Amino acid sequence: MGERKVVNKFIPWNFDPEKAGKIKLSNIGQFSVRMMLPFTVRCNACGEFMYAGKKFNTRKENANGEDYLGIAITRFYFKCVNCGSEFAIKTDPKNSSYVVEYGATQNSCLWMNERQLELEEKAQKEEAEKMDAMKALENRIEESKNEMDAYDALDTIQAQQRKTMNLDPEEALSIVRSREEKQTKLEQEVKVEKDEEDDKELEEAIRQKQEEALKREDERLKNLFSKPSSQVPSNNKGNNGLQVVPKKKKKAKRAAVSLVPY
């Protein structure tokens, strides 16, 4: 039985490669690869959806005469899983993505839409700068300012790293403890300030309620004593709103006169 996994092949000593015939390839420049769909597509022939990540045995070739900044563009041939119609997808080095060439329709993708919007905004900005020199100057000044701010932030981070780079474990722990203590102290101060503000608000609310109660009592007493006696209604009601019932006068009992015979 021969070797199942051949590693070394025997080449005789009198082998002449010039006399060997050429291998005929059915598809010149194409070879089969196993590939997944980079995005969801819909077949134009039958309307079947094929989702991103589905694996296919595809044919791969280089698109002749097409490149982007020296980067070769590759074309892949797929077949619909439902009707068998062929559709092609090409690489898009400019946008770091893929595009459908024919036979299918690509579904919209959020990050690709955002990328497209960014490119459109950039193109509009460049067009505005071409039309207005002052606008271009302002944009360049703003960009240089943002760049300087980024460099300053980077220098600050690097300086902090240099300080803590060669520290002993004890020193590093002491720095961490001091930071925690500062943070705890700051939180306590914020809590105390908040409690004081709450107490002040409560005291102010209580004082306002007391003032309103005193004001209502003063108005009631003022209205009570400012009315003349003629205007005071005689409805026999007391101060508390209860009706006063007058007491009946008791009739004096007459002494009984008895006749005494003589």
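Backbone N, Cα and C define each Cβ position, glycine as well.
Where the annotation comes from TrEMBL, it is an automatic prediction and has not been curated.
Database features (TrEMBL):
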- Cys43, Cys46, Cys80, Cys83: Zn(2+) binding site (BINDING)
- 178-194: compositional bias 'Basic and acidic residues' (COMPBIAS)
- 203-222: compositional bias 'Basic and acidic residues' (COMPBIAS)
- 226-242: compositional bias 'Polar residues' (COMPBIAS)
- 178-262: region 'Disordered' (REGION)
Residues close to Zn(2+) site centre defined by Cys43, Cys46, Cys80, Cys83, Cβ within 8 Å = Asn44, Ala45, Gly47, Glu48, Val81, Asn82, Gly84, Ser85
Ask   = Taking the Cβ of Cys46 (Zn(2+) binding site) as centre, how many other Cβ atoms lie within 10 Å?
value = 12
Request  = Count the residues of the compositional bias 'Basic and acidic residues' (203-222) that DSSP assigns to helix (H, G, I), to strand (E, B) and to coil, and report the three numbers in that order.
outcome  = 20 helix, 0 strand, 0 coil
Query = Using DSSP, how many residues of the compositional bias 'Basic and acidic residues' (178-194) fall into helix, strand and coil, respectively?
reply = 17 helix, 0 strand, 0 coil
Request  = Could you tally the C-beta atoms, other than its own, that fall within 10 angstroms of the C-beta of Cys80 (Zn(2+) binding site)?
outcome  = 20
Task = Please compare the binding-site residues Cys43, Cys83 by how many other CB atoms fall within 10 Å of each one's CB, and tell me which has the fewest.
result = Cys83
